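*Asks:* Got a structure for you, written out below as structure tokens; questions coming shortly.
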Amino acid sequence: MKQLHRKHLYYKISKRCFATKYSGRVVGATENGRAFAVEVDSPNVLRDIRGYALPRRDLICKISKILHSPSTSTNDPFLQLSEFLQTLNLTLTPSEASEILKSLKTPRKALEFFRFCSSSVPGFRHDCFTYNRILTILSKSSSPDALDLVRWIVDEMERSGVRGSISTVNILIGIFGGGGANGVLELERCLGLVKKWDLMFNCYTYKCILQAYLRSNEISRAFEVYVEMRRRGYKLDIFAYNMLLDALAKDEKVEQAYKVLADMKRKHCEPDEYTYTIMIKMTGKIGKAEESLSLFQEMIAKGCSPNLIAYNTMIQALARNRMVDKMIFLFSKMVENGCQPNEFTYSVILDVLAAEGQLGRIDEVVEISKKYMNKSIYAYLVKTLSKLGHASEAHRLFCNMWTFHDSGDRDAYLSMLESLCSSGKTAEAFDLLSKIHEKGISTETVMYNMVFSALGKLKQISHIHDLYEQMKKDGPSPDIFTYNILISSYGRAGKVDEAVKLFEEMENSNCKPDVITYNSLINCLGKNGDLDEAHMRFKEMQEKGLNPDVVTYSTLIECFGKTSRVEMARSLFDEMLAEGCYPNIVTYNILLDCLEKCGKTTEALELYAKLKQQGLTPDSITYTVLERLQSGSHKTVRVRRQSPITGWVVSPLR
């Protein structure tokens with residue numbers, strides 16, 4: 001403590017010492033003369049005029065330095081501290097221990113020192129302040145056993161007969177009020193300590209317990225605490241008010257939320273933009289868009305500047321109630337006031353325009369916010385419209401993005417390509433794929449595969465051939481999906497030779513055929529009349545270690561069934577079961593149809609019984625075949641139109 005050499009100050013201090021019946025030599029005072037100390041009873045202990053021991057700074061610094069020294073095999077800081085205290089022949093005071101605890105950087109070291117004091121320092125006894133200090137330190141610990149240590153500290157505190165303060169309770173509420181599994185039980189224990197220690201809640205305690213209940217999702221209890229708090233004349237700060245309002249709004253406790261809002265205004269705690277946003281969201285969610293608008297206008301009248309969240313919440317409330325005109329008007333005001341929309345803003349607008357059949361107004365929205373339109377926003381709109389299945393609107397915006405920006409967004413271009421392919425606009429997809437490199441985007445195999453798949457479904461074989469030649473020439477290299485799509489597409493169009501050629505090309509490349517490849521080739525061969533070759537490929541895939549799946553067997557069973565080779569179809573079905581490949585309803589339907597058409601009614605009915613045993617649910621095709629079985633329609637002569645390619649009707653049903 002700094003020594004002051006002013007006679008009138010020492011005279012004043014000595015006089016006050018005499019008045020409080022303390023005797024001793026004045027040893028120091030602060031510069032303002034308010035705090036001073038005298039030696040009492042022992043030369044090692046300084047006390048103020050109230051009799052409280054004052055912390056000895058040199059001692060605190062020395063002990064802290066010892067404890068901060070690294071612990072090694074040859075150096076134990078606590079052993080060193082014990083030896084140091086023995087040489088001084090003195091006892092630490094709780095206030096000094098509290099200061100030392102505060103200086104320690106880790107909860108583990110602080111807890112060790114806390115235990116050291118009570119076990120190794122003669123005559124030392126922790127008081128409320130040291131308990132509060134260690135609890136505060138543990139509250140900041142990320143250790144998984146931190147809560148257990150806190151419980152141990154509280155138990156130790158009660159065993160020692162130390163009466164906590166309301167600050168102790170506040171600290172504990174803060175620790176256990178995080179909303180954990182046993183959060184409510186722990187909070188109840190904290191409230192029990194208030195009664196046990198005969199304490200009174202202060203404003204901060206009410207705030208802590210209120211927030212703790214809210215974090216535990218105990219909304220009703222939180223509101224009860226709020227009512228009690230208000231009855232005692234306490235008020236919350238804006239953060240706590242907003243937290244309570246948000247919980248009430250999410251729980252759709254509308255009346256209580258309005259009551260809290262009214263209390264805020266009466267208690268001179270002015271609502272801010274977050275307060276109004278919470279209320280707007282609540283009223284919009286329950287379908288009271290006019291009330292939302294009224295709150296929004298009140299917010300502006302109060303001088304609050306709506307932020308992005310406030311605008312988005314109001315736009316969402318209008319969108320929920322299908323108030324499209326007002327929504328777009330508010331959007332224009334949002335842009336006019338310099339608040340930049342984000343992806344959420346556009347997603348809300350897009351959803352309601354799509355739902356109301358007014359997607360044509362998306363151009364109006366883009367025009368309003370043109371000063372904020374960038375590659376990212378365009379890309380988002382294109383991807384979202386494509387995902388919603390609105391290919392034309394997506395393509396129109398995509399064209400704007402194409403002319404507006406030098407570089408492209410890979411995801412947006414991929415979404416646009418996928419959308420065009422899904423909607424059958426293969427010419428546009430082909431054109432986009434050929435020009436995509438102009439925007440600095442490298443063409444990828446997945447892009448080619450999308451277009452190949454779309455062309456294959458429409459049997460546009462000449463375009464597939466041209467695109468495949470371009471791919472081989474300019475890259476990228478085809479992958480296994482490319483070959484599978486191409487083989488399937490050629491098979492669908494009856495181009496067996498081209499499919500086989502691609503299969504052989506694939507075998508000579510780095511892409512080795514898989515089960516799907518063989519399935520596509522077998523389907524192509526079998527349904528185009530080359531059944532023996534299809535069966536040979538089936539054997540070949542088994543020899544290569546590829547296990548045929550339900551699609552493989554079903555395809556072959558159908559092909560043999562169409563040529564009235566029932567025994568072979570039945571043999572494949574039995575083999576399928578023996579190999580542990582369980583047939584699905586499609587497989588059963590194919591074989592049932594085959595047996596019915598060949599007049600094998602008994603076998604068909606036995607097969608149907610097996611289908612039921614397997615736990616499969618018959619579908620409309622199953623029942624159609626059964627109906628024919630019951631009516632004996634297989635005996636009637638049926639004229640079937642032959643396919644010019646396969647020579648039979650592919651579908652098993654008329």
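The backbone N, Cα and C atoms fix where each Cβ goes, and this holds for glycine too.
Reproduced below are the annotations present in TrEMBL:
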REPEAT    202-236  repeat 'PPR'
DOMAIN    207-369  domain 'PROP1-like PPR'
REPEAT    237-271  repeat 'PPR'
REPEAT    272-306  repeat 'PPR'
REPEAT    307-341  repeat 'PPR'
REPEAT    409-443  repeat 'PPR'
REPEAT    444-478  repeat 'PPR'
REPEAT    479-513  repeat 'PPR'
REPEAT    514-548  repeat 'PPR'
REPEAT    549-583  repeat 'PPR'
REPEAT    584-618  repeat 'PPR'
*Asks:* For the repeat 'PPR' (514-548), jot down how many residues DSSP puts in helix, in strand and in coil.
*Replies:* 26 helix, 0 strand, 9 coil
*Asks:* Should anything in the same chain at least six residues away from the repeat 'PPR' (584-618) have a Cβ under 8 Å from its Cβ atoms, list it; otherwise answer none.
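*Replies:* Residues packing against the repeat 'PPR' (584-618) from afar: 550, 553-554, 557-558, 560-562, 564, 566, 569-570, 573, 576, 625-626, 628-629, 634-635, 652-653.
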*Asks:* Are there residues at least six beyond either end of the repeat 'PPR' (514-548) with Cβ under 8 Å to its Cβ atoms? List them, or say none.
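*Replies:* For the repeat 'PPR' (514-548), the nonlocal Cβ contacts are 480, 483-484, 487-488, 490-492, 494, 496, 499-500, 503, 506, 555-556, 558-560, 563, 565, 576, 579, 581, 645-647, 650.
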*Asks:* To what whole number does the mean pLDDT across the repeat 'PPR' (549-583) round?
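*Replies:* For the repeat 'PPR' (549-583), the model's average pLDDT rounds to 90.
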*Asks:* Grab the same-chain neighbours of the repeat 'PPR' (307-341) for me: Cβ-Cβ under 8 Å, and only residues 6 or more beyond its ends, written as numbers and ranges.
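*Replies:* Non-local partners: 273-274, 276-277, 280-281, 283-285, 287, 289, 292-293, 296, 299, 348-349, 351-353, 355-356, 358, 361, 364-365, 368-369, 371-372, 377.
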*Asks:* Treating G and I as helix alongside H, and B as strand alongside E, what does DSSP give for the repeat 'PPR' (272-306) in helix, strand and coil?
*Replies:* 26 helix, 0 strand, 9 coil
